[in-house]
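A.B. asks: In case it's useful when we look at the structure, here is the feature table from TrEMBL:
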type	residues	note
DOMAIN	7-464	domain 'K+ potassium transporter integral membrane'
DOMAIN	476-649	domain 'K+ potassium transporter C-terminal'
TRANSMEM	16-37	transmembrane segment
TRANSMEM	101-123	transmembrane segment
TRANSMEM	143-159	transmembrane segment
TRANSMEM	166-190	transmembrane segment
TRANSMEM	247-267	transmembrane segment
TRANSMEM	287-307	transmembrane segment
TRANSMEM	344-362	transmembrane segment
TRANSMEM	368-392	transmembrane segment
TRANSMEM	399-419	transmembrane segment
TRANSMEM	425-443	transmembrane segment
Amino acid sequence: MFILSMNLNSPTEEDYLGIYSIMFWTLTLIGVFKYVFIALNADDNGEGGTFALYSLLCRHINIGNHPSRSTGVLYSNGSMTSETRSKLGKFLEESITAQRILLFIAMLGMCMLIGDGILTPAISVLSAIDGLRGPFPSVSKSAVEAISAVVLLALFLLQKHGTARVSFLFSPIMGTWTLTTPIVGVYSFLRFYPSIFKAVSPHYIVHFFLRNRRKGWELLGGTVLCITGAEAMFADLGHFNKRSIQMACLLTIYPSLVLTYAGQTAYLIKHPDDHNDGFYKFVPHPVYWPMFVIATLAAIVASQSLISATFSIIKQSVTLDYFPRVRVVHTSKHKEGEVYSPETNYILMVLCILVILGFGDGKDIGNAFGVVVILVMFITTLLLTLVMIIIWRAPIALVMLYFVPFFIIEGVYVSAVLTKIPKGGWFPFLVSIILAFIMFVWYHGRQRKIEYEVRNKISVDSFNKLLSSLEIQRAPGLCFFYSNIQDGLTPLLGHYVRNMRSLHKVTILTTFRYLLVSKVNPNERIVIRKLGIEGLYGCVIQYGYADSLNVEGDNYISKVTNSIREHIRYNFDGLSPTSLEEEISQLENAKEAGVVHVRGKTRFHIGIQTSFSDKILLGLYEFLHGNCRSALPALGIPLQQRMIIGMVYNT
C-alpha cells in the first residue's frame with residue numbers, strides 16, 4: 001500500500017504515468033493472468049504454493065527417494081507410467097544432479113515464503129504506524145519503530161492462543177480495507193488528475209525507460225512491491241477453494257489496487273516532490289484517522305496471515321521430514337489449518353523486531369521485501385513450466401507462450417532487485433539460503449539413514465533364525481517398535497534383540513509415512529500386515545502434508561490395535577476359529593500387560609574414509625538431529641512408556 005514511496009530525482013508527470021503503467025501491467029499480467037488463471041489450476045489435491053508444485057511433480061515422475069515413492073503398500077494418485085512420461089520427465093528421473101537442483105529450488109521457494117513471514121509483519125505494521133507522523137510531525141522515527149515493535153511483540157505473544165477467537169474480525173477488516181481505499185483513490189484521481197487511466201497504454205512504459213534508462217530499471221525494485229501477496233494467495237489455496245480466490249481477486253482485490261494506485265499517482269502528479277509517503281498524503285483530512293485505524297488493523301491482519309502461513313509451511317516441512325522437528329500445536333478443534341509452533345513463533349518475533357530496529361527505514365525493508373517477492377515468483381514460474389510440460393503435456397508452443405513472457409518480465413525484475421541486496425535485500429536472501437541449506441542437510445541426512453537401513457535390512461527368515469538361535473525370551477506386553485522402512489525389518493530390531501535377548505509377545509513395527517500428497521483417505525491411513533512370525537506385525541501410518549497428526553496416547557494405541565484386530569479377522573489365512581480367537585486374545589492380553597514404545601537413536605560414524613562432503617553434511621545433520629525434538633512426544637506418549645536404543649551407522 002506504500003508502493004509509490006520511491007527515490008525519484010525531480011519526477012515529472014510522464015515519470016509517474018510510466019510508473020503507474022508498469023504497476024498496472026504487472027498486476028494484470030502476473031497477478032491476474034499468471035496466478036489467477038494459470039497457477040491456481042496447478043494445485044496438488046487442493047493445496048497450492050511452490051512445495052505443492054514440487055510434490056505434484058514428484059507424484060508423477062520418479063525423482064529421488066521420496067516417501068510417496070517408497071516400496072510397499074502406499075497411497076497413490078495417478079502417477080504416469082514410463083511410456084507416457086515426457087523426455088524432460090525421463091531426464092529428471094535419470095539425473096541425480098537435476099533432482100537435487102530441483103529439490104533445492106523448491107526448498108528455496110518455501111524459505112522465501114518464510115522470509116515473507118518475517119518481512120510482511122515488519123513492513124506492514126511499521127508503515128501503518130508511520131501515519132502518526134502526518135498530524136504529529138514531532139513524532140520521531142525512533143518512536144514509530146518502538147511502537148511498531150511493541151505491536152508486533154503483542155501480536156506474537158498472542159499466537160499461542162490461536163486465531164479462532166478473533167478470526168471472525170479478519171474478513172470485515174479486510175473487506176473494509178478493500179472498499180475504503182479505492183473510494184479514496186477514486187476521489188483522489190477525480191480531484192487531481194481525471195485522465196489518469198490513459199497511463200494504461202504501454203507506450204508510457206517505453207518512454208519511461210527511454211528517459212530514465214538505468215535509473216528506471218533500478219526503480220523496478222520498488223514497483224515490484226505492487227504484486228506482493230500474489231504468491232501468498234497461491235499458497236493459501238489449501239484454506240480456500242479455487243473459485244472463491246478467483247472471484248475475490250477479480251471482483252475486489254484487483255480493481256481495489258488499480259483504483260488505489262490510480263489515486264496515489266494522481267495525487268503525486270499534482271505534488272511531484274511529495275513522494276516520501278504516497279499513501280497517507282493522498283488521504284483527505286476528514287477521513288485521515290479512520291483510514292489510519294483501518295490501515296493499522298489491515299496491517300495486523302496481513303501480518304497474522306503471513307505468520308499463520310509460516311506456521312503451516314514449517315508444519316508441512318516437519319511432517320514430510322524436510323525440516324528438523326519442532327513442536328507444532330493445533331490451536332483449533334474445528335479448523336485443521338490453525339497451527340502454532342512455539343520455536344518458530346519466537347524466532348519470527350525476534351527476527352521481525354530486529355528488522356524494524358536494525359533497518360529502521362521502511363525503504364530498506366522494502367528493498368528486502370522486493371527480493372523475497374520476485375524470487376519466489378520466479379521459482380513458481382520455473383516449476384509451473386515443468387508442470388505444464390511433464391504433467392499437463394501442453395503443446396510446446398503454448399508452454400513457450402507462458403514461459404517466455406513471464407521469464408523475461410520476472411527476470412528483469414530479479415535483475416533490478418538484486419541491486420537492492422547491499423541496501424537491505426541481503427537479509428531475506430541470507431535467511432532463505434540458510435533455511436534452505438538447513439532443510440537440504442536434514443533431508444540428505446534422513447535419506448542417508450533410510451538408504452543404510454534399506455541396504456542392511458533383515459529378512460523375515462533371517463530374523464526367525466535369530467530368534468531360534470539365541471535364548472530369546474518373549475516378554476509379556478505390547479511393543480511399538482518404530483522403523484523408517486516397511487519392506488523388511490530394520491537393522492535396529494536385530495540390534496535390539498541381540499543386546500536385550502528378548503522380544504515382546506506382540507511387537508508392532510511402526511512406520512510413519514508422510515506422503516507428497518495433501519491428504520490421505522481415512523481408510524488408507526493405517527496399513528497392517530503380518531510378518532510371518534508369531535506376534536510380529538507391520539504397521540504403516542500414512543499422512544499427507546495437510547493432514548493433522550491427531551493420534552495421541554491411548555487413542556493412538558486403540559486405533560492401531562483395532563486395525564490389527566480387523567486385519568486378523570479379514571485375513572485369517574485358513575486359521576481355525578479357535579486359532580483366530582487366540583491370536584486376537586493374545587493381542588488384547590499384551591495390550592493389558594503394558595505398552596512400550598521403542599525408537600532408535602542412530603548416529604553416523606564419520607571416519608577417515610568418509611568423503612569431505614559427507615563430513616560436512618552429515619556432521620551438520622548430526623548437530624541438528626542432536627538438538628531437535630524427539631518424534632515420540634508429538635504423539636502424546638507418556639515418558640514412562642518410552643525407550644530409546646542407540647546404534648551407529650557406517651557412512
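Cβ coordinates come from backbone N, Cα and C, glycine included.
Automatic prediction, not curation, is the source of TrEMBL annotations.
Could you give the neighbours, burial and distances for every feature on this list?
C.D. replies: Long-range neighbours of the transmembrane segment (16-37) within the same chain, counting only residues 6 or more positions beyond its ends whose Cβ lies under 8 Å from a Cβ of the stretch, are 3-4, 6, 196, 198-202, 204-205, 207-209, 211-212, 216, 219-220, 223-224, 226-227, 230-231, 233-234, 245-246, 249-250, 254, 257-258, 261-262, 265, 268-269, 272, 377, 381, 405-406, 409-410.
Tertiary proximity for the transmembrane segment (101-123) is limited to same-chain residues at least six positions away from its ends with a CB under 8 Å from its CB atoms, namely 49-51, 53-54, 57, 63-64, 92, 148, 152, 155, 228, 231-232, 235, 302-303, 306-307, 309-310, 313-314, 317, 322, 348, 351-352, 355-356, 359, 362, 365-366, 368-369, 372-373, 375-376, 379-380, 382-383, 386, 428-429, 431-433, 435-436, 439-440, 443.
Counting residues 6+ beyond its ends, the transmembrane segment (143-159) has Cβ neighbours under 8 Å at 121-122, 125-126, 129-130, 132-133, 300, 303-304, 307, 340, 345-346, 348-349, 352-353, 356-357, 360 in the same chain.
Remote same-chain residues near the transmembrane segment (166-190) are listed as 1, 196, 252-253, 255-256, 259-267, 282-284, 287, 290-291, 294-295, 297-298, 301, 304-305 (criterion: CB distance under 8 Å, separation of at least six residues from the stretch ends).
Same-chain residues lying 6 or more positions outside the transmembrane segment (247-267) and placing a CB less than 8 Å from one of its CB atoms are 1, 3-4, 16-17, 19-20, 23-24, 27-28, 31-32, 35-36, 175, 178-179, 181-182, 184-189, 191-193, 196-197, 199, 226, 233, 274, 278-279, 281-282.
Beyond the transmembrane segment (287-307), the same-chain residues lying 6 or more positions past its ends with a Cβ under 8 Å from any Cβ of the stretch are 1, 116-117, 120-121, 124-125, 127-129, 131-132, 134-135, 151-152, 155-156, 159, 163, 169-170, 173-174, 176-177, 180-181, 184, 229, 232, 236, 279-280, 345, 348.
Non-local neighbours of the transmembrane segment (368-392) in the same chain are 30, 34, 38-39, 42, 50, 53-54, 56-57, 60-61, 80, 85-86, 88-89, 92, 102, 105-106, 108-109, 112-113, 115-116, 119-120, 123, 221-222, 224-225, 227-228, 230-231, 234, 355, 359, 398-399, 402-403, 406-407, 410-411, 413-414, 417-418, 420-421, 424-429, 432; each lies 6+ residues outside the stretch with a CB under 8 Å from one of its CB atoms.
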A.B. asks: Are there residues at least six beyond either end of the transmembrane segment (344-362) with Cβ under 8 Å to its Cβ atoms? List them, or say none.
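C.D. replies: For the transmembrane segment (344-362), the far contacts come to 2, 5, 117-119, 121-123, 125-127, 130, 141-142, 145, 148-149, 152-153, 156-157, 159-160, 307, 310-311, 314, 326, 368, 424, 427, 431.
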